[in-house]
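A.B. asks: I'd like to ask some things about the structure below.
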Amino acid sequence: MTSPPWRLAVLATWLFVTAFMLFAARGQFELPVPRGPDDLLRMVQVRDWLGGQAFADVSQTRLNTPLGAPMHWSRIVDAPIALVILLLSPLLGEAQAEAAAMVVIPALTLLAVIYAGTMVARQVSSDRRLIFLAPLFFAAVPLVAVQTWPFRIDHHGWQIALALSATAAIVSGKRLTRPALAGLFMAVDLAISIEGLPYAALLAAALAVPAIRDREQALALVVYVAVLAVVSAAIFALTQPATMWSATWCDALMPVYFGAFAVAGLGLLPLLSSYVGTPLRRAGVIAAAGLAAFAAILAIEPTCAAGPFARLDPIVQQHWYGRINEGLPLWHSSGTLQFGTALLFLTGVAGYVLALRKRSSKHVRTLAFLFFGAAILGILVMRASALATALAIPGILVLLAAALERTERVRRPWRLLASFGAIVMLFPATPLMAWTLASAAGKQSHDDPEAGSVEGGGNGGAAAAVCKRPSSFDALASMAPTRLLTQLDIAPAILYRTPHAVVASSHHRNNDGIAATLSAFLGDAEGDEARRLMQERGLTHLVICVGSKELNSYGKAKPESFAAALNRDEAPAWLTRVPAKGGNAALRIYQPSD
């Protein structure tokens, strides 16, 4: 088939799905706000940039008050948001321009996802019906849809789109342009978040397998790694201040990583020599290059070999990061989320097995390899499941093709009904799957470790919902700018809605601020640690959301803690509650009485 029809299918599907999402989210348009904690802080970062903060400076001056906190977020994600705001502010005003950006950016992310996904799907089937259904199937993957929903402006949707684009480049491009494009897309992916590193390695492995078999395929692997190294270094040089070249962070694209890519690329060059003429020798060269890259990490920054979160303070690891389901294996998530994700994985496996039996081309084998690898990553780390479930779609479409082939044997008028039934049964957003996946994802954090509330007892969800109401922050917003001690999960909303500064939010780069906040809330019931922290940092008020999951979790961990006492409305004598007009009973403001 010619290319225009499938592109028209992508465009038509995108318009339809975007209209559906906007209709479903219509209740948010009266008071449009970013969807989650990461989205809130992302808009704060964009505002700071538009307000005069330097392009290379992504620090958050109102975190870790009064010192300020470094951030690892990329201007690559900020730029399109800022561009929409700049273009529309003269016409709509700043507030409405921000609201428009929170609609336009997720919609563009969705378009990128379904376009790249459809390019991938075209490699497993030439059935015209499936090519036209593919965009809708990709858009309907619940863990993808939740990252491209209106008012979702953080980086996760872009990372899915870039990873799918790299996959599409590898399986559908020309001999040299395909690995070059894949390296480019993954370099941008890693510049946005180092979370993409395992999939970047998986893509390299997918290119290594044919390189071992056939020397003619080795050039693709060399080109991919070389472009990954060069573009990663270029992005770093263009977006980071000079001081970052000597910094030792492990949670972002840094010299330690693209230095390792460069070492791997140099180590792979012997593959191009005629002296490495056997599969065994090529396998040895590839293994040696991989080991050399790991050795480079150990030599440049040894702690990075333990992972991006290895430097977290023990109290942060135990009471924050270790309780965030997104960073844990799939089996730590809710039963419904486990079931829904596993169902997509299993149908994807069945489809790829069938595809390998019916059409075992090089591209199908590569896709199957990438899906199986991504599924393993998704099982081991829940946040990787979104990409893995998206990669299941080509396999599911193969199953659908087989089912539709069988329905051709059914007599009319039942044939149409049978075909429709097959589509509904395998559709990712079939009511059961949509309910189990989307509802579970809504209850847990959609974001990486930075975004989620830790699980606790009580009616934390209801309390959090009350505290998130715009009116809840009216009293705080009316106060003169000051410094606050607050719990982690409501800090982004405070930064977004008020001029105040806080000690910490759920963003791991601010390790010291998070540790100080946790120590305060987990300290003794009299709040001695909190009192000391407030005095040391000049904090004038304490703000909490009573009954929230976060406070409940602290109380569960330490029943006689400061957080537990506040949750029981047993504030120590040195704190006085501030009457909050227009607020609510859940969001409480205290100030020291001495």
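The chain as shown is numbered from 1 upward.
In case you wondered, yes, glycine gets a Cβ from its N, Cα and C as well.
Caution: TrEMBL annotation is automatic and unverified by curators.
Look at TrEMBL and you will find 6-25, 99-118, 130-149, 184-209, 221-240, 252-271, 283-300, 337-356, 363-381, 387-404, 416-438 tagged as transmembrane segment.
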A.B. asks: For the transmembrane segment (130-149), what are the same-chain contacts with Cβ under 8 Å, counting residues 6+ beyond its ends?
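C.D. replies: Here the qualifying positions are 1, 5-6, 9-10, 13-14, 16-17, 21, 25, 35, 106-107, 109-110, 113-115, 117-118, 121-122, 156-157, 160, 340-341, 344, 385-386, 389-390, 392-394, 396-397, 400-401, 423, 427-429, 433-434, 437-438, 441-442, 446.
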A.B. asks: I'd like to know if the transmembrane segment (184-209) touches the transmembrane segment (363-381) in this structure, counting it as a touch only when three or more C-beta pairs sit under 8 Å and are separated by 6 or more positions.
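C.D. replies: Taking Cβ pairs at least 6 residues apart, the transmembrane segment (184-209) and the transmembrane segment (363-381) are in contact, with 3 or more under 8 Å.
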A.B. asks: Look at every Cβ pair spanning the transmembrane segment (184-209) and the transmembrane segment (6-25), keep those 6 or more apart in sequence, and say whether at least 3 of them are under 8 Å.
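C.D. replies: These two stretches do not touch.
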